[in-house]
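Note sheet for the following structure.
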Amino acid sequence: MAPLPAAATATASSAATPADDEAHSLLPSTPSNEEDDDDLEERAYEATEKVIVSISDFPDADDDEEESGLATSTAASGIPPFSWRKLWLFTGPGFLMSIAFLDPGNLEGDLQAGAVAGDTLLWLLLWATSMGLLVQLLAARVGVATGRHLAELCRDEYPSWARRALWLMAEVAMVGADIQEVIGSAIAIKILSRGFLPLWAGVVITALDCFIFLSLENYGVRKLEAVFAILIATMAVSFAWMFTDTKPNMKNLFIGILVPKLSSRTIRQAVGVVGCVIMPHNVFLHSALVQSRKIDPNKEHQVREALRYYSIESTIALAVSFMINLFVTTVFAKGFYGTKEAGNIGLENAGQYLQEKFGGGFFPILYIWGIGLLAAGQSSTITGTYAGQFIMGGFLNLKLKKWIRSLITRSFAIVPTIIVALFFDKSDSLDVLNEWLNVLQSIQIPFALIPLITLVSKEKVMGVFKIGRNTQAVTWTVATLLITINGYLLLDFFSSEIRGLLSGSILCVAVLAYASFVLYLILRGTELPNQIIRTIRKSFS
């Protein structure tokens, strides 16, 4: 929209009432044209790329009808009444976000949990998904209420050294996740080609496919979202087919979901199930994806309406992802729980184990697994590249063409992945690599969660949409739980891997620096430092 002439602006300002000024002051602050030049500000989506979700935003809309109808409805109920059509228009970002719950790393965690623990950890999968939903709803809330995504907000919130550190951590987490996702796709291609294509060839094919799929965005965001819908449907059908073929015990399944059970023998798998839920780059991604709809953050009723539909859509999306993860876990619980093969199953040999256990049937289960794994790998690599664009552009404010950012982001992951594929083309080596990559991503979790909760709790950033004290308590509890669980995973991993005085000393220094930065992020987002300073001043005054 073109800026109003100065005279019109002055008239509008003089006509504003004190009540209007007060209401506007409670809305999230957004940069004005005088403060920020739009041409210099990096944005997740340009105005022409956004999906129109409000009747008033259509060029042929009747302004009088909109003002009388929508305003009356808004005044009466706060937001317009529920509409299935509106829900359909808002559907998309949540399903793209849910891909991170279905990537090859998560599938490997599912199959190992099923093989080692049976159905006993399904209750934890449900609760972990619920915690993930809470975090993703906060990410969506930040993006909708401010009109900016998390990386952009972090750029303004933190000093330059902390901002660069957060950017580096986000990039490292994204590259670690991307390596797992690309390797997962390459394994699937190797399975479907009957071993004809080696891992490195699968990596190259996946990289090229990613650019082809992302090019669909040039034809509109909805086209790209349709591709993801097809990939998610492919996963759902493939793993549901496996679930039906293997005929799991439904009684044990429901007991596993409803009855919490945890033993010392399955603690590592339990930590893995929870640790796979929060992908740091996914928090940044979702806060940007929600801006693909045309919403004015200065209009409270539009923001509330968007949050309502995004909450519904995200819940449905993660319910679908939960079911897919449940299918994978129960299939491997049925086939390998209590067997000697349980501890040896990984992503690469899982298909072969399934084939030996359940045979061919109408369509060999090996290829059903390969198709599902390929859909998971392809979809997650695309969202990983997508997230990389937002992270780089947001933290660094780089005004680059999308294909250039895609190329840079893809190169960060593809080059090390090809090296990995050439030197780790064995199941045992890939399993060791996967453990290190899981550790790498676990380390990064606080650097996405803490800034998110800090920003969504600030009235200066969120206005009337900041979360209340009760929600803050719940979110900090969930964050503390997730960070503690991942801390246990790191402690368990490094205690078995680190040997010698020198390596131990280096690890201690790294842990001290890490803990100091985490503590800085926590304290900066609270009033505790200011309270301490005020107390000290009073004691000396």
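We number each residue from 1, going along the chain as drawn.
For all residues, glycine too, the Cβ spot is worked out from N, Cα and C.
Straight from TrEMBL, the features:
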COMPBIAS  1-18  compositional bias 'Low complexity'
REGION    1-44  region 'Disordered'
TRANSMEM  122-144  transmembrane segment
TRANSMEM  165-189  transmembrane segment
TRANSMEM  195-214  transmembrane segment
TRANSMEM  226-244  transmembrane segment
TRANSMEM  316-337  transmembrane segment
TRANSMEM  358-376  transmembrane segment
TRANSMEM  407-424  transmembrane segment
TRANSMEM  436-456  transmembrane segment
TRANSMEM  476-495  transmembrane segment
TRANSMEM  501-523  transmembrane segment
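Counting only same-chain residues 6+ beyond the ends of the transmembrane segment (436-456), those with a CB under 8 A from a CB of the stretch are 105, 135, 138-139, 141-142, 150, 153-154, 157-158, 165-166, 169-170, 172-173, 176-177, 179-180, 272, 275-276, 278-281, 283-284, 287, 462, 466-467, 472, 475-476, 479, 482-483, 486, 489-490, 493-494, 514, 517-518, 521-522, 524-525.
The transmembrane segment (122-144) makes contact with the transmembrane segment (316-337): 3 or more of their CB pairs lie within 8 A, with pairs spaced 6 or more apart in sequence.
Contact between the transmembrane segment (226-244) and the transmembrane segment (358-376) is supported: at least 3 Cβ pairs lie under 8 Å, counting only residues 6 or more apart in sequence. Among the stretches 165-189, 316-337, 358-376, 501-523, the one making the largest number of Cβ pairs under 8 Å with the transmembrane segment (195-214) is 165-189.
If you look at the transmembrane segment (358-376), the same-chain residues 6 or more away from its ends with a CB under 8 A from one of its CBs are 99, 102-104, 107, 184-185, 187-189, 191-192, 231-232, 234-235, 238-239, 241-242, 245-246, 335, 347, 350-352. Sequence-distant contacts of the transmembrane segment (407-424) (same chain, at least 6 residues past either end, Cβ-Cβ under 8 Å): 171, 174-175, 178-179, 182-183, 186, 198-200, 202-204, 207, 210-211, 384-385, 388-389, 392, 400, 430, 433.
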